[in-house]
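Okay, structure first, notes after.
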Amino acid sequence: MLIIETLPLLRQQIRRLRMEGKRVALVPTMGNLHDGHMKLVDEAKARADVVVVSIFVNPMQFDRPEDLARYPRTLQEDCEKLNKRKVDLVFAPSVKEIYPNGTETHTYVDVPGLSTMLEGASRPGHFRGVSTIVSKLFNLVQPDIACFGEKDFQQLALIRKMVADMGFDIEIVGVPIMRAKDGLALSSRNGYLTAEQRKIAPGLYKVLSSIADKLQAGERDLDEIIAIAGQELNEKGFRSDDIQIRDADTLLEISENSKRAVILVAAWLGDARLIDNKLVELA
């Protein structure tokens, strides 16, 4: 497994792979890898000849400096996991390598609408940072496919739109959420939970599933469903942050023409902001 830290060396390897006619898959990550990331890697390996995993804690997508400062950097452990998975290439650049003149004056990519709604409304600049780094990685790696987790549902929708709008010839693969046995969606942020909070955390998925059951039973008073869910989260020990029920295909409000709904939930548990989602077919 090659570990590359600079743009010239990455370009050199990508040119070689292209000359050899290899099909390349990219898995963009911020490191602190868990089994959910490994599921992305496995999906990429099944679809391509060569798998490139990027590990970069992107300062442009953090709206709170304290979150950036405390985000776990576990490069050695991450590389050991990826080597066991037989990943071909790890791209682990420094911030200086990606943003040589800093982030303030760096050209950015913004996806109107999707960047500022829902999760974007509570995290200003976050999705602009995501679309900027992902587009830069697409230009550098030139992958045939790229794999993203469905846990970040809005992010996946944003990347699909960016790819369509910018004309990237890349297949975007959404990989289903991987959960612990108790239902908690795997996330790097779960590491912020204390042992006691970890016992409470599966309650998020239980509330999510309760909303889904109500929708499948034909309930359509969304304001009441959301209000009850927020109360249930608070009673379980969370601080409810945002609960949305949206059209899964547009992320707009549910209409009589909506065929699928996506339930998007964000809640604080101690210092960890947990997010989760669930798709529901509407009768």
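Our numbering is plain: 1 for the first residue shown, then up by one each step along the chain.
The backbone N, Cα and C atoms fix where each Cβ goes, glycine too.
Predicted, not measured: the structure shown is a model, and the values here were computed from it.
These features come from Swiss-Prot:
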- 30-37, 149-152, 186-189: ATP binding site (BINDING)
- HIS37: active site, proton donor (ACT_SITE)
- GLN61: beta-alanine binding site (BINDING)
- GLN61, GLN155: (R)-pantoate binding site (BINDING)
Could you round the CA separation between LYS151 (ATP binding site) and HIS37 (active site, proton donor) to a whole angstrom and send it over?
11
So which binding-site residues are near HIS37 (active site, proton donor), with CA atoms within 10 Å, out of GLN61, GLY149, GLN155, LEU186?
GLY149, LEU186
Helix, strand or coil by DSSP: which one applies to the residue listed as 'beta-alanine binding site'?
helix
Would you mind pulling the DSSP three-state label for LYS151 (ATP binding site)?
coil
GLN155 ((R)-pantoate binding site) and GLY36 (ATP binding site), distance between Cα atoms, whole Å:
16
On a C-alpha basis, identify the one among HIS34, GLN155, LEU186, SER188 that is nearest to GLN61 (beta-alanine binding site); the candidates are the binding-site residues.
GLN155
Going by Cα-Cα distance, which of the binding-site residues (ASN32, HIS34, GLY149, LEU186, SER188) sits nearest to GLN155 ((R)-pantoate binding site)?
GLY149
What count of other C-beta atoms do you get within 10 angstroms of the C-beta of GLN61 (beta-alanine binding site), across all chains shown?
22
